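S.K.: Submitted below is the structure of interest, expressed as structure tokens.
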């Protein structure tokens, strides 16, 4: 039996058939209006706007990395200014965050983005857009700092969103614990993803662990912090505790490198 939806099928053209003269056509302006309408609705309903934006940014950076591979010198220069190289990070502090948007290959980014999307959209509903973005970036920072704390002044490079993603896992774990939800499945997954890579080379497990601890600690502060701020809005609590965590991480990072480089 011929499929009536395919262009080659016999019979009158259906509404989805491109041959149909009455098939509605949307120009760029109409498509953009539809996109902004959906985006605005999702923003009001705490949809995964920031999660989708982070995924899109990671994909764009990955495409740029792949294109630059056609130009080895440009690729090496780009990587040296964006990947986290432990011993150089004191002089390139932005790499503590930019490295979280770079990936080493297709499988690396595919796995990270799938996990980010499914975990991120759930946490974004709970935190809201601004607090979720802060949680993600501070977790990425925590993963990078943990990597530097372990490697010190070594010329060792790392890239990937894993530290930030593990921070989201840590935050979700504290949420499950707070509401009394069973999380054995997530615990098993975390054990496999966190500790199994230790036995394999070229995996920055320190960043995984650092991101997880950072996300769990920040989430705990958000829910169980000082009584004076427990009734404050989520965004205000994130501003307070997020700033506190960021300062602590930057002090630890700079102290470790100054000691390693000059003493």
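Even glycines carry a Cβ here, placed using N, Cα and C.
Annotations in TrEMBL come from automatic prediction, not curation.
So TrEMBL says this about it:
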type: REGION; residues: 1-25; note: region 'Disordered'
type: TRANSMEM; residues: 70-94; note: transmembrane segment
type: DOMAIN; residues: 93-224; note: domain 'Peptidase S54 rhomboid'
type: TRANSMEM; residues: 100-119; note: transmembrane segment
type: TRANSMEM; residues: 131-150; note: transmembrane segment
type: TRANSMEM; residues: 156-175; note: transmembrane segment
type: TRANSMEM; residues: 187-205; note: transmembrane segment
type: TRANSMEM; residues: 211-229; note: transmembrane segment
type: TRANSMEM; residues: 241-262; note: transmembrane segment
S.K.: Could you tell me whether the transmembrane segment (70-94) and the transmembrane segment (211-229) are in contact, taking contact to mean 3+ Cβ pairs under 8 Å with a sequence separation of 6 or more?
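M.R.: Output no: the transmembrane segment (211-229) is apart from the transmembrane segment (70-94).
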S.K.: Could you tell me whether the transmembrane segment (100-119) and the transmembrane segment (241-262) have 3+ CB pairs under 8 A, leaving out pairs under 6 positions apart?
M.R.: no
